[in-house]
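Copied over from TrEMBL, here are the features:
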type	residues	note
DOMAIN	5-133	domain 'EamA'
TRANSMEM	6-23	transmembrane segment
TRANSMEM	35-53	transmembrane segment
TRANSMEM	65-84	transmembrane segment
TRANSMEM	96-113	transmembrane segment
TRANSMEM	148-169	transmembrane segment
TRANSMEM	175-196	transmembrane segment
TRANSMEM	208-233	transmembrane segment
TRANSMEM	239-260	transmembrane segment
TRANSMEM	272-290	transmembrane segment
Amino acid sequence: MPIHYLLPALSAALYAVSSLFSKRALEEGVGIMRLSFVANVGFFLVFAPLALLANEPPDWRAVQWPILAGTGFFLGHVLTFSAIKFGDVSVQAPMMGTKVVFVATFTVIIGAGTVPLHWWIGAGLTAVAIFLLGFSDWSNRRAVWRTALLALSASAIFGLTDALVMKHAISFGPGWFLCVVNAVMLLESILLVPFFEGKMNAIPRKAWPWLIGGAGLMSLQALGIGISIAFWGEATAVNIIYASRGLWGIILVWIIGSWFGNRERDAGGKVMGRRLVGAMLLVASIILVLI
């Protein structure tokens with residue numbers, strides 16, 4: 001398997017583990033906004049060394065592209081966390097599966113590259129798979145529409161920013177591009193401070209290990225995805241493989257979820273059957289990328 005396919009596969013597994021840590025951190029009282037801020041600090045710390053390792057200086061004449069991408073990622077994260085905080089997670093999670101379709105669409109629209117037919121099919125299967133993996137109870141229609149709008153907006157913005165990275169990173173200097181993107185995200189994260197659930201030093205002591213673990217692992221998985229797209233392109237294929245995080249999430253919840261106080265493994269037979277179908281579709285979509 002090529003390294004730019006292996007990295008998103010590893011990132012998918014790291015994402016699943018980081019989600020368990022993050023969920024536990026939230027349960028311990030960290031709060032979504034403080035978690036997001038700490039995660040953005042982690043992102044910058046892991047991406048900054050890429051600039052130091054660059055062999056050539058960046059093309060500062062095109063600095064608007066990493067700034068735009070960084071702003072896009074920040075807005076996408078704000079919309080995602082808003083969907084979680086003010087909506088329904090059971091709607092937000094499956095709706096985020098549409099990101100891979102947006103990536104393919106914007107890749108073509110902005111001329112970042114071509115998308116083979118089997119990748120389009122894989123993107124569609126991935127969206128359906130994530131929907132099946134995350135779907136639960138949508139009885140509250142008002143919450144459904146609010147969450148769906150926020151999650152779809154986040155997916156569209158994330159899709160566009162991935163396409164921007166794919167198109168402009170190489171010419172700007174991929175290492176520097178990713179560094180600037182995350183520096184912009186960190187600076188814009190200051191805007192989150194007024195919305196913190198409390199002061200940082202008020203975070204319960206028992207929550208810090210989960211917070212640091214979740215943010216640290218989240219940063220490492222983001223590094224794998226960022227490097228794959230910025231240095232090799234193929235954003236659609238990378239996102240299809242990365243979507244296997246949904247499959248990893250189910251596996252880890254089933255095996256070690258109880259270690260983190262997670263009880264999702266107790267879901268009923270219908271839910272597990274639906275997730276099994278979703279998992280099979282995910283595997284099929286990844287195979288379409290690799291053939």
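The backbone N, Cα and C atoms fix where each Cβ goes, glycine too.
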Within the domain 'EamA' (5-133), how many residues are helix, strand or coil going by DSSP?
108 helix, 0 strand, 21 coil
Where else in the chain does the transmembrane segment (148-169) make close Cβ contacts, counting only residues six or more beyond its ends and a cut-off under 8 Å?
62, 65-66, 68-69, 72-73, 75-77, 79-80, 82-83, 86-87, 91-92, 95-107, 109-113, 177-178, 181, 226, 229-231, 233-235, 239
So what's the average pLDDT for the domain 'EamA' (5-133)?
88
